[in-house]
Amino acid sequence: MTIWIVLGALTLLVGGYILWPLWRGNTVSAPDAPDTDNDELQRDLAVYRDQLAEIDRDIDRGVLTTEQADAARIEVQRRILSTDQRIQSRSLSGEAMAHVSRLRPVVAVFTLVLLVVGIGFYINLGRPDLPDRPIASRGDEIMAARQARDVDSNRTTAFNRAVQDLSNRLLENPDDLKGWELLGASLMALGRAEEAQTAFLEAVKRSGRDGDYLAMYAESVIRAENGQVNVIARGALEEAAKSGSKDPRIQYFLGLADAQNGNVAAAIDRWIMLVNAAPADASWLPMVLGRIEESAIAQGIDIAGRITITPPMVSNTPSETNGPNREEMEAAAEMTPEQRQEMILGMVSQLADRLKENPDNPEGWARLIRAYAVINNPDMAQQAYDTARHQFADNSELLAQFSSLAAELGIPVN
Amino acid sequence: MIVEIGHYALVLSLVMAMAQSTIPFIAASRRDIVLLKIAPRLAIACFALVGTSFAALTYAYVTSDFSVVNVIANSHTSKPLIYKITGVWANHEGSMLLWVMILTLFASAVAAFGRNLPPSLLARVIGVMGIIALGFLLFILLTSNPFERVVNPPLNGEGMNPLLQDPGIAIHPPFLYLGYVGFSVAFAFAVAALIEGRVDPAWARWVRPWTLAAWVFLTAGIGLGSWWAYYELGWGGWWFWDPVENASFMPWLAGTALLHSAIVVEKRDALKSWTIFLAILAFSFSLLGTFLVRSGALTSVHAFATDPTRGVFILFLLCLTVGGSLMLYAWRAPTLKGGGLFQPISREGALVFNNVLLSIAAAMVLLGTLYPLLLETVTGEKISVGAPFFNSTFVPIMTPAIIAMVFGPLMPWKRADLFAVLGKLKIAIAAVILVLLVTYWLAGGPAFALFGMGLATWLFVGTILEWTSRIKLFRGPLKTSLRRMRNLPRSAHGTMLAHAGVAIVVAGITGSQAWTEESVQSLGIGDSTVLSGHTFTLSSLREYEGPNFVAREATITIATPGERTITLTPEKRVYTVEGMPTTEAGIQSGITGDIYAVIGDEDANGKWVTRFYVKPMIPWMWTGGLVMVLGGLMSLSDRRYRVGAPARSTKAAPTVPAE
């Protein structure tokens, strides 16, 4: 409330200051008002008279010779004469004007209206509800953040120690397959994909090239390559597929390899087979479905009716429909490529708008970044990535997720 | 609450600008003395409000209020206080706010000091400045609002470009803007005169000091900018014909022309229409510069097209202001009454000659700056127009201008005798020959260096000769000369200083371009290298931690040919928040030139990459700039009425009309 009193006082002060002459002006009677037209010519004459005086001073100081001064004087006197003539003709023709216009009340009202418009504009733009937040007054928050970071780093330290213990144990007892798997998974969680590769590779070798371990190994290779499915990963995946393993990662990453080789249709076929065969409560289902939808829209591939599984609630953010729904997808299938492109751009910009209004939606940001990357707009993807990082600057877990997403999409991380 | 008061004050200043761009015109056309009194109050209120808003933003920066988006994006708690303050204008939004604050400052200064101006002229000048302020305030509030807030403020900001964390570049934008925006006063006077349909004597008396003040600031701003580039970018360059630099150089050229033609209007009542045109041109160049720098068009036409809101807005403002004022000029200028007459060979003639050359030079720079943009827009091809183009066009245009600069002040007004003037310059011609011989004997060339040194000598000696002839030095007792010197109007000293400053700049450019020597090498601790008679030794290295950076500092010991020992401590810094490296060159300046040392990274053999330069005469450039600024200030302090005495005709000579 205080703020409105201050802003109101400021408005009154400014309004009063500028309109003061109007209020005072009414007490000036019309005959007192000078004739501004003649006044201007009189001012000119005054300037010329000052110039003549200046010439005299210049002679005194020896800057001008008498001869130069005479020449200058004649010129100034000529100008005085012509101004004099104009004054004469002006007063003869009675050109002088009235100096009290009936516009004064109009000006007053106009100014007041403008002030009201200003207040309206501010209500639209400003955030009077937000207090100042100087850093000096935010000691509590800084403390809390520091503690959280300490807890985080303690946890990481403990985790790292556990990993170290585990790997020491495995050196003594290298045939512990579950141990290698645990070590690999832990290293993956710590973001040390290259070391995870070695752990999983041990498991693969010592298990007689078990399909499930091959799939884990492939995933660690792909992660270490920033999301690229290289020849090694592909070989491991294909071997795993032949071994009859049902690990969903195999088909998913083989699909990703197809997509990265430009064969998105094959990728979608693979993924659709994967989801249709999956249990309805599989935790990875929403992610793969999302991937299918995005790729299908981006490539304009009709997938209507091909997905037979009904996923559980896709998103854990409540109710809002964040992606294209089935009807939109079906409609998209019947469009020309241009129309489809337009629809995609429309949906992306809707999402961007929604996030602008309600930015506290990490999934939405991830989807937006991915969407920009898919429609081949790296600048905007970069921008969305920066904004998202900004938005969740105090959440290290989300930040890590965003940077791995950026790495996957090839967005430069600065 | 302070942040929101600032935001509201900014909105309220927009309202003031709306009133300021309408009410004064109504008042002036109705000649209502009460309404006319409102005009100055509007300008003053507008400045007070923008000032409040700027102060509020500064407060947010100083207190690190990260609920303001602009502070998040450009500040950090570990920044030293001085760079928290300069961070206010080291970004797009804040710098536009500074721009408008300076504009309203000038408008309110005109309002406060303009009581002796005809009230209707004053009102119209304020009105024109109100229209410009309105445009820019709308731009800020609609596309570049520095007061945007976030609900959940982060605990720290993203920092500021470390290249800008430097005292030289920190005060560079305010100076540059004082210059750019200062031309808006001359522009507003020009437009107001066109609307009034008359250029009265008070008009001329007003335009010159404002133009001069703007010119002084712009000169200082450009000088600071090039000095910063020299010591901070770390390879000894100082001017790159970069579009951003050109953007500040074009208004300077047009402003210099305007300054000189305003003298003719004030002293001789001639060249009015041309002066009005130059006033429009100088401010148009300022707006163009703002557009080029602020729209993103320079980084790439493509970047401009992806986020066109800002660019299109300024482009629209630019077209409206420039187009509108030029149309008004075309419509009204013919009705202006021409003033005094003069012959082609006269001081007026010399000033017109220089005006034309300066305008052509500005046009060449404009072409070289805009051509790549146009080409990229039309064909998508990216080219860059660099130093070869500018050197081969700019130098031939400016050479006759510099030669003529000596003649101008020596010629009387209205009509002059070229041979008599040449007679007075015998000493200057002798000095040029002497300097050429000495230069050839000492350095042996190159040809352009001889040419440049000759030109500088001609200008310097010619300028000093003019001044000594006015005080009759050596032509009477010294006492008389001293008395005459004291009596000489300060503007005469100003002319002398400014012209001599140009000569010093020309000499500095020539010398440093012709005789700079450089060497790049890897040195271990204790190793030496010899460059141009100087022995450079890498004595030691240390690392230390600054407030927001870590630095590696080298100690370079230099034995000069004159057996002196100099120690330089160049640094390489890495700013931790931004993760950006910068170089801090070690520079030893002296009257003969600079010794310049840069430390780089470690090479594969564990040695350190170092770069050394010996740059003769380069400090002359900034010294000359400083002398020009002093000359401008000296002339600015001269507030007398100025009348130019014409030379009497000895025979009946035909005269040409002034316009």
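A Cβ is built for glycine as well, from the same backbone N, Cα and C atoms used for every other residue.
Straight from TrEMBL, the features:
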type: TRANSMEM; residues: B:6-27; note: transmembrane segment
type: TRANSMEM; residues: B:39-62; note: transmembrane segment
type: DOMAIN; residues: B:89-295; note: domain 'Cytochrome c assembly protein'
type: TRANSMEM; residues: B:96-114; note: transmembrane segment
type: TRANSMEM; residues: B:175-195; note: transmembrane segment
type: TRANSMEM; residues: B:249-265; note: transmembrane segment
type: TRANSMEM; residues: B:313-331; note: transmembrane segment
type: DOMAIN; residues: B:315-639; note: domain 'Cytochrome c-type biogenesis protein CcmF C-terminal'
type: TRANSMEM; residues: B:352-374; note: transmembrane segment
type: TRANSMEM; residues: B:394-413; note: transmembrane segment
type: TRANSMEM; residues: B:425-442; note: transmembrane segment
type: TRANSMEM; residues: B:448-467; note: transmembrane segment
type: TRANSMEM; residues: B:488-509; note: transmembrane segment
type: TRANSMEM; residues: B:617-636; note: transmembrane segment
Stretch contact, the transmembrane segment (B:175-195) with the transmembrane segment (B:448-467), Cβ-Cβ under 8 Å, 3+ pairs: no
Folded-back contacts onto the transmembrane segment (B:249-265), same chain, C-beta under 8 angstroms, at least six residues removed: 179-180, 183, 186, 199, 203-204, 207-208, 211-212, 214-215, 218-219, 222, 271-272, 274-275, 278-279, 281-283, 285-286, 288-289, 339, 348, 351-352, 354-355, 358-359, 361-362, 365-366, 369, 642
Distal contacts, the transmembrane segment (B:448-467) - CB-CB under 8 A, six or more residues away: 399, 402-403, 405-406, 409-410, 424-425, 427-429, 431-432, 435-436, 439-440, 492-493, 496, 499-500, 502-504, 506-507, 509-511, 513-515
Stretch of maximal Cβ-Cβ contact with the transmembrane segment (B:6-27) [cut-off: under 8 Å; candidates B:96-114, B:394-413, B:488-509]: B:96-114
Cβ contacts under 8 Å made by the transmembrane segment (B:313-331) with residues that lie 6+ beyond its boundaries: 132, 135-136, 138-139, 142-143, 187, 190-191, 194-195, 276-277, 280, 283-284, 287-288, 290-291, 294-295
Close approaches to the transmembrane segment (B:394-413) from elsewhere in its chain (Cβ under 8 angstroms; 6 or more beyond its ends): 267-268, 342, 345-351, 353-354, 357-358, 360-361, 364-365, 421, 424-425, 428, 455, 458-459, 462-463, 465-466, 469, 495, 499, 502, 506, 644-647
Integer mean pLDDT for the domain 'Cytochrome c assembly protein' (B:89-295): 87
